[in-house]
Amino acid sequence: MHPTTLILSSSLLMIFTLLIYPLITTLTPTPQHKNWALTHVKTAIKMAFLVSLLPLFVFLDQGTETIVTNWQWMNTTTFDINLSFKFDHYSIIFTPIALYVTWSILEFASWYMHADPNMNRFFKYLLLFLIAMIILVTANNMFQLFIGWEGVGIMSFLLIGWWHGRADANTAAMQAVIYNRVGDIGLILSMAWFATNLNSWEIQQMFASSKGLDLTLPLMGLILAATGKSAQFGLHPWLPSAMEGPTPVSALLHSSTMVVAGIFLLIRLHPLMEDNQTALTVCLCLGALTTLFTATCALTQNDIKKIVAFSTSSQLGLMMVTIGLNQPQLAFLHICTHAFFKAMLFLCSGSIIHSLNDEQDIRKMGGMHNLTPSTSSCLTIGSLALTGTPFLAGFFSKDAIIEALNTSHLNAWALTLTLLATSFTAIYSLRVIFFVSMGHPRFTATAPVNENNPSVINPIKRLAWGSIIAGLLITSNFLPTNTPVMTMPTHLKLAALLVTISGLLIALELASLTNKQFKLHPTLTLHNFSNMLGFFPAIIHRLTPKLNLTLGQTIASQMVDHTWFEKVGPKELFQLTCLMVTTTSNIQQGMIKTYLTLFFLSTTLAVLLTLT
């Protein structure tokens with residue numbers, strides 16, 4: 001075996017061993033020590049992160065991609081399923097990022113969840129999720145990818161409903177699993193199509209044998225799968241609802257890792273899509289619609305976690321736009337940079353929520369810059385990185401995406417929506433900074449504001465460093481596969497920056513407008529549209545069940561009771577009997593001449609018929 005291949009495969013084996021060891025220790029009959037989460041889980045993930053740097057450095061030095069097939073799961077005359085791992089640009093970069101972010105979040109969770117009696121089980125769930133995510137990222141066949149896909153889905157369900165004593169948490173968990181199940185149907189049907197028509201689930205073989213085939217049908221299934229998992233328009237309501245889970249869950253699953261699985265699926269299978277204009281156009285338009293709609297919803301939300309959740313959905317829409325542009329590597333770059341600052345935004349939110357006695361309404365915060373300077377500074381850095389401030393992590397990916405959009409020959413509709421959404425991103429990010437950090441405190445003086453704990457500050461600082469330098473590090477070391485347009489007019493080059501600055505100016509104007517009321521009864525149509533999430537939950541979650549109930553009631557009362565038991569049954573029998581009675585009673589009226597005439601005619605007719 002080639003030394004590079006040996007290093008890559010043994011590193012992955014070492015990572016899995018380190019992550020699975022704490023899970024094995026839980027199988028013993030004796031209960032775990034109360035510090036098990038810190039001594040076993042956090043240490044294992046820290047060590048796994050350090051091990052994952054080895055294949056990264058080898059890849060940077062050698063630039064070789066490797067596929068390792070270890071074991072045959074199923075071997076028939078026509079179909080093979082192997083246990084195979086793919087070490088390429090995507091899996092080698094994403095694995096250390098996932099481990100680094102998880103390490104920071106778990107350290108934060110040790111403080112956030114310290115009073116929870118089942119904290120060890122919580123950490124075990126997070127560890128299981130991480131293993132499923134790494135299986136998904138490194139899989140080289142669809143079956144293995146599907147195992148990771150379902151693994152992250154079920155862990156999401158368990159972690160959203162962690163506080164299952166609350167009805168909202170149970171509802172949100174059920175909602176997440178149902179929406180994801182719709183997406184899973186698309187993935188399962190696509191896999192069935194690939195197995196039937198391409199006779200393989202190995203990704204390399206699928207690429208080779210799909211040349212010349214019309215792949216529109218399976219690609220639509222894959223896009224449906226990505227729509228469900230990555231909260232694209234139509235299947236997006238589960239992501240803001242998922243904020244019912246603990247903040248570390250939101251930071252890990254619903255910002256940086258699990259929600260990008262749908263986008264990652266499309267990136268991994270992008271060679272199937274690159275020549276299919278239907279699939280690319282669907283991705284482009286769906287992503288543009290998602291990024292604008294969810295950014296619009298974020299503008300007027302008051303729950304700090306909901307704002308960050310909608311911003312996640314908006315950034316996922318931007319990644320989908322990039323896939324529609326035929327630029328999967330840019331989408332992956334945005335996944336990597338987005339993971340750092342979005343996880344950090346959630347951790348800062350969690351720290352502030354905990355400090356204010358579980359208060360999540362930004363209108364009841366304020367003045368946090370003086371009370372929690374480190375957390376507020378990191379919140380500001382994260383928000384600025386999200387808006388695409390030059391030289392922070394988000395700038396390197398967002399700017400490249402908008403430049404690619406500007407210089408492409410695709411429809412201007414998607415470009416306009418994306419630029420609007422980028423402007424809105426600046427508005428809601430500055431709104432969070434304005435309400436949370438600036439001004440005077442708007443909460444009770446008894447709030448236990450305290451950030452002087454290494455378990456709070458260290459993870460946020462680590463992610464802050466990632467939010468500052470990750471974009472530069474990744475773009476410096478990995479050359480793009482598609483050469484971008486190197487020369488363009490100044491106004492195109494500055495487009496992303498200009499819409500961001502205009503967004504910041506609009507945000508300042510809106511902030512001043514919120515303190516004034518020009519009319520006694522102001523018209524709030526646009527505000528209500530944004531605040532009520534475009535009336536989407538009201539229509540889908542209320543109107544659809546109401547229509548079904550009305551239909552059921554109509555069938556039960558109108559069709560069965562009214563029609564069958566009343567009209568067809570008793571009344572119809574009565575009408576039929578009446579007709580027969582009326583007919584026979586009309587004959588018996590004592591008209592002798594008529595009877596004799598009829599008798600004579602009928603007799604004559606009978607005789608004539610007999611003679612002839």
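Quick reminder: no glycine exception, Cβ is built from N, Cα and C everywhere.
Sequence annotations record features per position, and here Swiss-Prot assigns transmembrane segment to 4-24, 48-68, 92-112, 127-147, 176-196, 215-235, 279-299, 307-327, 330-350, 376-396, 410-430, 591-611 (among others).
When Cβ-Cβ distances below 8 Å are used as the criterion, the transmembrane segment (4-24) is approached by residues 36, 40-41, 44-45, 47-48, 51-52, 54-55, 58-59, 62, 64, 66, 68, 70, 85, 87, 92, 95, 99, 124, 127-128, 130-131, 134, 138 of the same chain, each at least six residues removed from its ends.
Most Cβ pairs within less than 8 Å of the transmembrane segment (279-299), among stretches 215-235, 330-350, 376-396, 591-611, belong to 215-235.
Remote same-chain partners of the transmembrane segment (376-396), defined as residues 6 or more beyond its termini with a Cβ less than 8 Å from a stretch Cβ, comprise 311, 315, 333, 337-338, 340-342, 344-345, 348-349, 352, 368-369, 422, 425-426, 429-430, 432-433, 436-437, 460-461, 463-464, 466-472, 474-475, 496-497, 500, 503-504.
In this chain, the transmembrane segment (92-112) lies out of contact with the transmembrane segment (410-430); the count of Cβ pairs under 8 Å, excluding pairs fewer than 6 apart in sequence, is fewer than 3. If one looks beyond the transmembrane segment (307-327) by at least 6 residues along the same chain, the residues whose Cβ comes under 8 Å of a Cβ in the stretch are 226, 230-233, 236, 239-240, 242-243, 250, 254-255, 259-260, 262-263, 266-267, 270, 273-274, 280-295, 297-298, 301, 334-335, 338, 342, 345-346, 349, 362, 386, 398, 401, 404-405, 408, 410, 414, 418, 421, 424-425, 428-429, 431-432, 482.
Sequence-remote contacts of a segment are chain residues at least 6 beyond its ends whose Cβ falls under 8 Å from one of its Cβ atoms, and for the transmembrane segment (330-350) they are 89-90, 93-94, 97-98, 101, 104-105, 108, 112, 247-248, 250-252, 255-257, 260, 263-264, 266-267, 304-305, 308, 311-312, 315, 318-320, 322-323, 375-376, 378-379, 381-383, 385-386, 392-394, 396-398, 400-401, 404, 459-460, 463-464, 466-467, 470-471, 474-475, 480. Beyond the ends of the transmembrane segment (176-196), by six or more residues, the same chain brings 79, 142-143, 146, 149-150, 153-154, 156-157, 160, 206, 217-229, 235, 237-238, 241-242, 262, 265 to within a C-beta distance below 8 angstroms of the stretch.
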